[in-house]
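This report refers to the structure that appears directly beneath it.
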Amino acid sequence: MDHEFLGDVLKPVLSVDPYLRSLWDIYSRIRTKEITQDIVLGLNRSDYMLHVQENLCDTKRTSIANRLQSTVVAARSDIETQDEAWDGLLIRQVEFNMIACSFCGLAQRIVPQHRISLSLHGISSDLNNRVPDCFSADRFSEALLSACHMYVKDCSRRNLITSNISILVVVGNNEKNIYDQRALIGCLLLKNPKVNVLYHSFDYLKTGLKLDSNSRLFVDNQEVAVVYFRTGYTPDAFPDDETWNVKYQLEQSLAIKCPCIQYMLANTKIVQAALSKPKYLSRFFKPDSSSYLNILSTFAHQYTLDEEMGISDSAEIQYAINDCLLRPDNYVLKPQREGGGNNYFGEELVQKLKSIMDHSERKLYVLMERIQPYIFQNSILNSTSASEELKVKKMVTELGIFGAILACKDEIFLNEFSGHLLRSKPLESNEGGIVAGYGCLDSPFLV
């Protein structure tokens, strides 16, 4: 982890955001500890949309729209592998998620369901290729088990004898996404039923955890090898100092954290905005490399709202603000928060932007170019479908790419593609969260 980069980018935000300041305080305290755990596990998801270029000619726009209007229409043609057929569609990153990435468990299960649905609708040709396999639960569970194995090896290196190790899943008090979590852990237990899995909230851990003299973590007298956070990414997860102390105890323990505190800080919108700029991205990738160019091409324009933050200059900021006030539907305003439902759009964006520009609160936000995705037709089957007629709607879709990384300092042991997640939502919906009720699980159909 590049501490200097992280500190430089986050410093202006820490002065106005108590939540991020508390996370940074824990991170700073951990760095000074004599006993630390340098092994890190990341179960991540990078989300993308297909952006339709504004200057795309009408003929090309119509051709793409006709080809992609629905699965039924797309199935009439073979898979098109020539890149020029899709000129005018650009991959744009929506965001990068490094904590509590949802639906790796259910994404793997939804593929066979959609293949059956398509077959029942008469689309049965080459479904195994056109609806690609997804092994996200397999890959993530394997990464968790690899982390357990590395923990045992690390303890042996420290001359510590491990007992029967456990994975601690830290969950919210009123967990809404339990089926996805259990699908992942169920997959893990099929691979290794000997691993104990504990589910506990921060509240329970206030009295249920302890650290021994070697900083090993024990919960219910069971040694914890991996702490897998499925909560703790919003301020309301930490209502009091006791809860923050639990977070600190977990972070300073010898258990491998998923994610570790520095990954949480790197997951902020301000860091993602910084990495969209060549001067920061070139710190991690050689500017003449294909990786640098490919990654840079996926970023939408992003602007911080204060020149002192060192990411956007005054001319960029003023241009973005003026253009946003003139064309608000071309932008989205993002705070330094995770979990969905936090962004500002349209007239609400305009009012929020006007209210913060003369205050330090503006440092908390990133103004991002809004992605203009292609539109298709589909139906949503959800809990309200039984009482409503199933209607074909105009929809847009978002593709998440899962990835697992296991590393220790500069040594990377695992860094792999781990499956995909497709979410679709009605065109009129600004947010796409499934648990929040905005979107639904979907599967790609290759065209």
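Each residue, glycine too, has its Cβ placed from N, Cα and C.
Caution: TrEMBL annotation is automatic and unverified by curators.
Record features, source TrEMBL:
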type: DOMAIN; residues: 167-266; note: domain 'Glutathione synthase substrate-binding'
type: BINDING; residues: GLN181, ARG423; note: substrate binding site
type: BINDING; residues: LYS269, 334-343, 368-371, GLU398, LYS425, GLU431; note: ATP binding site
type: BINDING; residues: GLU338; note: Mg(2+) binding site
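Features per TrEMBL, on structure.
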{"residue": "GLN181", "record": "substrate binding site", "CB count, 10 Å": "20"}
{"residue": "LYS269", "record": "ATP binding site", "CB count, 10 Å": "23"}
{"residue": "GLN336", "record": "ATP binding site", "CB count, 10 Å": "20"}
{"residue": "GLU338", "record": "Mg(2+) binding site", "CB count, 10 Å": "18"}
{"residue": "GLY339", "record": "ATP binding site", "CB count, 10 Å": "15"}
{"residue": "ASN342", "record": "ATP binding site", "CB count, 10 Å": "14"}
{"residue": "GLU369", "record": "ATP binding site", "CB count, 10 Å": "19"}
{"residue": "GLU398", "record": "ATP binding site", "CB count, 10 Å": "20"}
{"residue": "ARG423", "record": "substrate binding site", "CB count, 10 Å": "21"}
Can you give me the Cα-Cα distance between GLU338 (Mg(2+) binding site) and GLU398 (ATP binding site) in Å, rounded to a whole number?
17
Between C-alpha atoms, which of these binding-site residues comes nearest to ARG423 (substrate binding site): LYS269, GLY339, ASN342, GLU369?
GLY339
GLN181 (substrate binding site) and GLY339 (ATP binding site), Cα-Cα, nearest whole angstrom:
16
Quick one: pull the CA-CA distance for LYS269 (ATP binding site) versus GLN181 (substrate binding site), whole Å only.
25
